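Database features, via TrEMBL:
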type     : residues                       : note
BINDING  : CYS188, CYS191, HIS192, MET311 : heme c binding site
DOMAIN   : 175-327                        : domain 'Cytochrome c'
TRANSMEM : 359-382                        : transmembrane segment
Amino acid sequence: MAGGGALNNLFPGYKDKIWMKLPYQVRVYLIKAWNKEFEHNVHKAKIKNDNIKILNYYILDRFKPSDKYKNSHTDYKRQICRGTLEEGCDFYLPDKTSQDRLKNHLEPYTKEEYEERKKYKYYDLKYYILFALGFSIIHNSMQSRPVAWCMDYEPPHTPHYPFWFKSVFHSHDIPSVRRGFEVYRQICATCHSLEQLQFRSLVNEVYPEQRMKDIAASYDIEDGPDDKGEMFTRPGILTDSFPKPYPNEEAARYANNGASPPDLSVITTARHNGPDYLFSLLTCYREPPEGIVLRQGLYYNTYFPGGSISMPPPLQDDMIEYEDGTPCNVSQMAKDVVNFLTWAAEPTHDERKLTGIKLVSAAFVAMVLMTVWQRFFWTIYATRRVDFGKIKYL
């Protein structure tokens, strides 16, 4: 009996010595029991293999694809590339034709085989390319429109502006968000509300806490009722939301020629390509084209549905002064207020994006580790050979 392990180093051949100390009849009985168990396992394995062969022959082989054009040397080449091919264990020896293909891998088929394969259109991409080209030409000719054609119900698509927060690895431009808040507070807040944003959301994100307390105190917030059952006004605190410019929707419509200014809390997520749409809307006021007459109180905007909008051009050069000295023009103010409204719609944007990057990075590292582990652990089982030993006799 073969020994092994630490005990064999301390007591060399101890198993053989124990075996020889056993009585003769005991050794005979153990050997016969082991041989009987081995023969029984071999018999079970043969029965299982026969059942699998029957299953494959009558059921599974019916669904196998044809091997007529299968490259039988593929598995052999893959094992060579992986370094898992073991001579004498899991060795696939291709026939002469496959060996010739391995030698001339740039020309894997003979001329006769290539001519035979050319008969099948599936292997010739020329027909697919010609069909796709012809279909594209016919489709474009049927979908063509006059040069001056335009849709009255759908404005042109907005350009793609390179806002900093659009990148996966970039966050909000906080200085621009701070300037955009100044634009909103001094210009946009006269008509548009920001109901779903509280003053506390800007603390330590846009302004320090004390500065935000001063800004909140500059607003008059209606509260109540008091002990007498009457409503009263008080200075705002950090837990208050931004107040509405109008007491109700009817008052807002009356002050804006029948149009109700929308709330800007989630305007960038409520519109298709919200940041690009808002920037285009704020910077693309134009004179109406020839033949278009707008009624009084409407203005022409290229990217507004229908072209006519009740809001007059809200931005003009040098309307306000930025605290950081940034030049104040229409495009700069539009960019800053879009950055602020995008941040206001999702103040946790940067935190969620950072968490996502961490998770994706961890998943990538885990994938690499699992690939290495699979390569150096499971391939041992994938390329091993199992040998059945001979029956041990006395």
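Here the Cβ of each residue, glycine as well, is placed from N, Cα and C on the backbone.
Location within the structure of each feature annotated in TrEMBL.
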residue	record	CB count, 10 Å
CYS188	heme c binding site	23
CYS191	heme c binding site	18
HIS192	heme c binding site	21
MET311	heme c binding site	19
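On the 0 to 100 pLDDT scale, the domain 'Cytochrome c' (175-327) averages 89 in the predicted structure. In sequence order, ILE187, ALA189, THR190, PRO261, LEU264, PRO314 are the same-chain residues whose CB sits within 8 A of the CB centroid of CYS188, CYS191, HIS192, MET311, the residues recorded for heme c being left out. The record assigns CYS188, CYS191, HIS192, MET311 to the heme c site; their largest pairwise CA distance measures 11 Å.
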